[in-house]
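S.K.: According to TrEMBL:
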type     : residues : note
DOMAIN   : 45-667   : domain 'Major facilitator superfamily (MFS) profile'
DOMAIN   : 469-524  : domain 'Kazal-like'
TRANSMEM : 44-63    : transmembrane segment
TRANSMEM : 83-104   : transmembrane segment
TRANSMEM : 111-132  : transmembrane segment
TRANSMEM : 220-241  : transmembrane segment
TRANSMEM : 271-294  : transmembrane segment
TRANSMEM : 354-372  : transmembrane segment
TRANSMEM : 392-412  : transmembrane segment
TRANSMEM : 424-444  : transmembrane segment
TRANSMEM : 549-576  : transmembrane segment
TRANSMEM : 588-611  : transmembrane segment
TRANSMEM : 640-663  : transmembrane segment
Amino acid sequence: MDTSSKENIQLFCKNSMQPVERPSFKTEYSSSEKKQPCCSELKVFLGALSFVYFAKALSGGYLKSTITQIERRFEIPSSLVGVIDGSFEIGNLLVITFVSYFGARLHRPKIIGAGCLIMGIGTLLIALPQFFMEQYRYERYSFSNSTISTSPCLLESNSQLTTSVMEKSQSKINNECEIDPSSSMWVYVFLGNLLRGIGETPLQPLGITYLDDFASEDNVAFYIGCVQTVAIIGPIFGFLLGSLCAKLYVDIGFVNLDHVTITPTDPQWVGAWWLGYLVAGVISLLAAVPFWCLPKSLLRPQSKEDSSSSSEKSTFIMGDQTECQTTHREKAKMMEMARDFLPSLKNLLGNPVYFLYLCASTVQFNSLFGMVTYKPKYIEQQYGQSSSKANFVIGLVNIPAVALGIFSGGIVMKKFRIGVYGAAKIYLGSSVLGYLLFLSLFALGCENSDVAGLTVSYHGTKPASYHERALFSDCNSRCKCSETKWEPMCGENGITYASACLAGCQTSTRTGKTIIFHNCTCVGIGASISGNSSGMVGRCQKDNECPKMFLYFLVISVITSYTLSLGGIPGYILLLRCIKPQLKSFALGIYTLAVRVLAGIPAPVYFGVLIDTSCLKWGFKRCGSRGSCRLYDSHAFRHIYLGLTMLLGIMSIFLSTAVLFTLKKNYVSKRRIFRTMRERTVVSTRISKENCTTSDHLLQPTWVGKETQL
């Protein structure tokens, strides 16, 4: 009996002591040993995610900078360019639900890496048409020899020869139209941008949650701030890259640039739009490499393991039943979440503050998306600037102002500890002040260029009737000219003519890249001086006040961008604090979905459709179909572009005002009730403590007795 009792005691000691000593020592050793690799892998993930955000923002900014280049290269209207621009949002929405739901259960770094590969392939696909299309053909009077003198105006005496030549050229054009695939090459740009949207999908839902799961609570905000800061820097480099590529001719490396007779200031100029997509595509592919080397999960920080409410996800899914860890219970919870989807959506949209803020943000983003998409085009057409300069100004001036405004809004919220009601005031105030400043841009426009038959008559009087037949006049009636061609020539009288033929020019010479036309009958009429009838290739410069107006436009635009951006962080805080904590993720998802579906996709399209209505002279493809616009009415363009932006901004201001009043009505009164209830709770707690103190002598012996029995 003694031996067996000793063995039982030894067995009991082994079973009871080993879990206390050896495993605990081993756990401490292993955790300390793996602590450093965990931190380094998390920092690698942070750097890789920041680089991916930079690559995504770089390609997105570059796409905005090439809007006009794509429009001219593929001979498509602005409305179709808007569809191409919105394809990114379409691709994102196609898979965001599946990626967000199933991606959290799979290997998140590898899914992000796969998304980077898709994004890189899509970016490279956008540049693919350049290598399959024919060389870019701009409408320009050509010479076979630099010393020959030819006549742009084909006179009636040569009508028989002219007719035969035109018949041959027409038959040649018809044959080319049957085999020319370049008319639909823009589809590759659409599909490439669609793939970019699909590849970008896992970055935010999986990348940010990965950081939130495995970083300490003190570092999460800092890490997310680093990622967002790098994301703001991306568009700056995107627009600067667009400025550089816009200076290079589209077929650089394929043609002899000495034979190119147009300059970057010409409205027909197309830069090397495809070159930047190759750079951005390679960067996206390189960004995918680190994610394939990262583990599925890392060691959680001790602070998150110890906390009972470490994440919103665990609180929302598990609730108070933390002991339910089995697969059956998880499936039951998933079914419960599925049944609660519609009630949660109804609860969310039934929140008046959230619903009004959602409407206000959607309307304001319609205004901002349309304005940003066509801002380079507006600068080119309104102020006569080149695509390169327009992109350079936006990338180096406007985008840093937006970044500074967002940063300043966050600093103000933190320093003054502004609550939800104060955040609503800042959001509304920044919108009101920003759009008031934006209103002044209506007065900073330039006059239309004097174009004979379009904006002025051939005698230089205003206004002219805007129709194609107005291009013909008595001074060019003897010439066999095409009304569809756009080969602008600047006469010495300061008037631009659609072509040298329509200017009635009899002879022309070329010296190097300079082409001079002589004996132009229409130029002599416009100048009212005999003999002053020559002209040069290209459009005439706008009036002398236009450069000054452009400078004022830049100053007001920068201040407006900064002011509107001040409300970014306060609006985000308002969104998070006006809803229940358990619906926070769902509310952000609905918000993102609404902004992309109702603003990101339609805004560039209807902005482009309305901008097309201000076109005075359309270009035509070889097949005879309408191409891109050659000349816009500056006044109509300005009123459509600025007016539509301002109208949407005013609508968002009214909705933001409704948010403020609703917040004041619902939440300020509830805050008073909460204070009253809190005071009552303090009093009741004090009374209960006193009761507990007086009954301690009764409770203690009872508890000891129970413990003794156990």
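Easy rule for this one: first residue shown is 1, then count along the chain.
The backbone N, Cα and C atoms fix where each Cβ goes, and this holds for glycine too.
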S.K.: Any contact between the transmembrane segment (111-132) and the transmembrane segment (640-663), i.e. 3 or more CB pairs below 8 Å with pairs at least 6 residues apart?
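M.R.: They are not in contact.
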S.K.: Could you pull out which residues elsewhere in the chain have a CB under 8 Å from any CB of the transmembrane segment (588-611), counting only those six or more residues past its ends?
M.R.: 77-83, 85-86, 88-90, 92-93, 96, 100, 345, 348, 358, 361-363, 365-367, 369-370, 373-374, 377, 575-576, 632, 637, 640-641, 644
S.K.: Are there residues at least 6 beyond the ends of the transmembrane segment (44-63) whose Cβ is under 8 Å from a Cβ of it, and what are they?
M.R.: 85, 88, 109, 112, 116, 119, 123, 126, 193, 196, 200, 203, 207, 210-211, 223, 226-228, 230-239, 241-242, 276-277, 280-281, 283-284, 287-288, 290-291, 293-294, 395, 399
S.K.: Please determine whether the transmembrane segment (424-444) and the transmembrane segment (271-294) are in contact (criterion: at least three Cβ-Cβ distances under 8 Å, sequence separation 6 or more).
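M.R.: Answer no: the transmembrane segment (424-444) and the transmembrane segment (271-294) share fewer than 3 Cβ pairs below 8 Å.
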S.K.: What else in the chain is close to the transmembrane segment (271-294), if you only count residues 6 or more beyond its ends and a Cβ gap under 8 Å?
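M.R.: For the transmembrane segment (271-294), the list is 41, 44-45, 47-48, 51-52, 55-56, 58-59, 62, 65-66, 69-70, 73, 109-110, 112-114, 116-117, 119-124, 126-127, 129-130, 192, 199, 238, 241-242, 244-250, 252, 264, 387-388.
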S.K.: Based on Cβ pairs under 8 Å, which of the stretches 220-241, 392-412, 549-576, 640-663 lies most in contact with the transmembrane segment (354-372)?
M.R.: 640-663
S.K.: If you count Cβ pairs under 8 Å, which stretch among 220-241, 549-576, 640-663 touches the transmembrane segment (392-412) the most?
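M.R.: It is 549-576, which has the most Cβ pairs under 8 Å.
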S.K.: For the domain 'Kazal-like' (469-524), DSSP counts of helix, strand and coil?
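M.R.: Across the domain 'Kazal-like' (469-524), the residues distribute as 10 helix, 19 strand, 27 coil.
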